[in-house]
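Record features (TrEMBL):
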type: ACT_SITE; residues: Glu472; note: active site, proton acceptor
type: BINDING; residues: His471, His475, Glu494; note: Zn(2+) binding site
type: DOMAIN; residues: 182-366; note: domain 'Aminopeptidase N-like N-terminal'
type: DOMAIN; residues: 400-620; note: domain 'Peptidase M1 membrane alanine aminopeptidase'
type: DOMAIN; residues: 697-1016; note: domain 'ERAP1-like C-terminal'
type: SITE; residues: Tyr556; note: site 'Transition state stabilizer'
type: TRANSMEM; residues: 117-137; note: transmembrane segment
Amino acid sequence: MDPFDSNVAANLPRNMIENSMFEEEPDVVDLAKDSAAFPTFPALDPDEVVYEPRSSRLLVRGLGENDMDEDDEDCESSARLLGMSFMNRSSAHRSSSFPYTRQAPPRSCSRPSARTTVVCVLFLVIVASMTMVLYFLPGCTFTKAGCRKTNKTTPFEPVYPLSTNGKLFPWAQFRLPRSVRPLSYDLTLSPDLNNMTFTGRTVITMSVLHNTKIIVLHSAHLNITKATFKLGDQETRDVTVLEYQPRQQIAVQFSEEMKAGQYCVLTLDYSASLSHTYDGFYNSSYIHKDGKKRVLAATQFEPLSARKAFPCFDEPAFKATFLIKISRKPNYMTLSNMPQAKSTQLSNGLMQDEFEKTSVNMSTYLVAFIVADFTPISKNVSETLVSVYSVPEKKEHTDYALYTASKLLEFYNNFFEINYPLKKLDLVAIPDFLAGAMENWGLITFRETTLLVGNQSSPLEKQLVASVIAHELAHQWFGNLVTMSWWNDLWLNEGFATYMQYMSLQKVFPQLDIGNLFLAVRFRALDKDALNSSHAVSTEVNNPEQVEEMFDSVSYEKGASILMMLNAWLPGEQQFRKGIIQYLKQFSGLNTDTEDLWNSLTQVSVSAQHHNVSEMMRSWTSQKGFPLVTVSRKGGQVTLTQEHFLLTSDKATYSSSLWNIPVTYVTDNCSLGHDCIQMFNLKTKSGTLELPESVKWLKLNYKNTGFYIVHYGDEGWAALKDALSSNVHVLTQEDRASLIHNIFALSRLGRVSFYQVLNLLTYMSNETESSPVTEALLQLNVIYRLLDKRQEDSLVSRMKYYILDRFGSLMDKQTWGEEESVSKQELRSALLGSACSLNQENCIQQAKALFKQYDQSNGTSRIPGDLQQVVFTVAAQSNEDWVTLLHMYHTVTYDAEKRKMLRGLASTQDARHIVWILKAGLRGDIIQTQELPLVISTVCNGFAGYLFAWDFIQENWDRLIEKFPLGSYAIQTIINSATSQFSTQAHLDQVQGFFSSLKERGSQMRSVQEALENIRLNQRWMDKNLPTLQKWL
Ligand SMILES: [Zn+2]
């Protein structure tokens, strides 16, 4: 019932706990918990699930049964629970104005007041009356402990909500019943791009798995105009469709049971508006080079929006085949998952395209279709026709994507030993697209920036495109062929695709040097997972908001990190590969959960040492967070101790979690190369390993392939620092970066002083490699920004001199011409970005000169791709150049450059410009609304911007959640960027006050908890470290 982690709830203000408890349809959520396992269909008949009766369960809680501490229960919550049980016991008591949907919670009565007393007395009266009622209720065995058991001979009916037509809706859960299973969908769609509407007909053929009288499926914002039903050989007849909008479900109810083994067909005609957000069947547009607006329609269904385009069983485990027909004007084209089978002229002058029936069973969230006027380029790869589509004038930017997709498709076909199963694969750049890309089977959709690059684009820009393509292609196996049963295991899709994205690029395009980026994202995943508000990789998901929230760094980057750790631990790379081939083959076309993956990997393990992948990996997927390994050494004896690395750590959040950690380490005897790695399995709280006494230092977590942080103790850190000061190359650059990341994290945890951090950084005067430098700059910038926002002016300038002192000479060595190496580009853009943001004169002058040259060249001169961001950001600081940049933003067609211009524009410190750009992003005319999260996060970096942005978010919250779903990655980004730099009590109160006032419009989101936790941590770090900074900077 509690959507929060219980530990988090303990820390929350009272009113937030209550809101979270009562506004999320507590009864229903609880019932849904039991229905997670679904891969094997005939598991249980949900229609026959014996429900714990709502009234009894609520009463047990309300009357103070042991599951809630009496001190924690206040009179209001009990009264409310009782009130709800009254409301729902009998339909006679329901009124259409009060179905049991979300209601505003009554005022808290925990503060004593006259009103409170009245409410509490009233409550006691209600309790007394209820007790009487219950006592005399048949079927309820009344005991001292409450009505715990129902009499089995007269079970309570589950309490059903009301349909829109006032009749009872025959289903009371968030998850659909499993008694009927769809086999195939026949979809006919007729979009009208002039009026932004569409009509549709969906014919669903189903098989009855268990005797039942109902069919329940999803539908959202569809106006169903006609419904017919045919069971087996019987006549087709009209049926009434009931709708329960809060859960986006529709149902058909029959007087007689359908029997297991029967087949039936439901036909639904409907009409709807094309969505004006970024999900469902939505409209999009772009300005053609003739200056006219062109309209198009595209789909984005993951996770819960297929139901907005056609009525369907919209859960990933309901796989079926699809036959799709779409009508269009003759000057448009259509695309869908499968190749086009035929095209027919309709009597109204339109064409109807029919696509082949899908040759595979697939989940609804992977269905896709597009009506547009795009142009393709194509190429045959093995048995598959690969095409890249874009708006016509961007066709010349599609070559790189076609080349990359072809190479990667060949790689995956070989790597997985299963060929991509469809005859065609389209990659389409959509002008309006919120996510980075979407892996629809056979029809992958992208943002223009993640698919289109020019021939002369920089390797860094190509790296982005290649990496998104690699991710989406990996999904054609992980996600599309084998799909998670439910969203709680989203990481099986996303963690895998993320890991494969980096792994495949390292193999196929080593020149793109993707390793540094993967290392950096693993650091960020650790940072986020160190919060108490984090969650287990595999975690319960019981409402739409929680489904959206699964799309976060835990599912993606932590998922990928633990797979990398596992791969490094298994002997030889083939072992891991064999395991996933086994998994893909065994579950091809089916749905799985996490345990299925571990079992497959265990089955192929060769050596006894590695026999139990499940046992090891369960500790990483079933609990949140990760371990801190502390090293203490006495001569040759090294003791390793593990504990939960939890930034917010107090009695309430204490966790005794243990991980099965495949610890790797190297020493000064041998520290570079695979042969130097030594292994130690730390399963218990502590373990001891032996080293020769002569060993001077050891470094754990070789190349940071493990998902843990290491504390070496004062002596251990000092030894490592000495070793690096005399020769940086005693460790790999990944290991150096990992030391830097870990020591900053330990400082945030309070285990090392900031003096120790600065002490380690003294070695950096000899550092020249990208990963350690970018990590150190990033960490120092975080502190610099916090100080800046606290207006600690003297510390800000001292921090600035500290950074310039450490990195100044390296900054001066950077060039401003074209550079081919990816890692040199990464290093240079980080260094020059910092130098210019710290107002280093030389940097500013160079950037201004490049901008001027670019502006005056009429498109003949180019700014190197990796320097564009620095140059545009510097330009945007002057009023005149900001206007010039805005003009360029209007005219430039090349998307990667356009996005950097936008970030430049948003980095302005001019209040008028800040307000303008925030508003423009929300309006979506000049700046696309899809870019608003980017605009907000950039605005928040600057001192002037972050307060404006926070106000803007508060004022426009309702419009924001209209555009971006609650819990979505976009909303997560917005909340995080707006609040992550607050470090005072006043801001904490403000943020807390605002989000708790939102109630069902967002107060329960995990990102809100994360924001509050981050502010408290910032506050704590500042209190503790300001004196150190005063002393040592
Ligand atoms: Zn993905």
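Keep in mind that glycine also has a Cβ here, set from the backbone N, Cα and C atoms.
Features recorded in TrEMBL, as mapped to the structure shown.
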{"residue": "His471", "record": "Zn(2+) binding site", "contacts (Cβ under 8 Å, 6+ apart)": "Ala437, Glu439, Ala497, Thr498, Met500, Gln501"}
{"residue": "Glu472", "record": "active site, proton acceptor", "contacts (Cβ under 8 Å, 6+ apart)": "Leu427, Ala437, Met438, Glu439, Ile444, Phe446, Ala497"}
{"residue": "His475", "record": "Zn(2+) binding site", "contacts (Cβ under 8 Å, 6+ apart)": "Glu439, Asn493, Ala497"}
{"residue": "Glu494", "record": "Zn(2+) binding site", "contacts (Cβ under 8 Å, 6+ apart)": "Gly479, Phe551, Ser555, Tyr556, Gly559"}
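All protein chains considered, the CB of Tyr556 (site 'Transition state stabilizer') has 25 other CB atoms within 10 Å.
Taking a Cβ distance under 6 Å to any atom of ligand 1 as the criterion, the recorded positions Glu472, Glu494, Tyr556 reduce to Glu494.
Annotated Zn(2+) site His471, His475, Glu494; additional same-chain residues within 8 Å of its Cβ mean position, judged by their own Cβ, are Glu439, Glu472, Ala474, Phe478, Gly479, Asn493, Phe496, Ala497, Thr498, Met500, Gln501, Tyr556.
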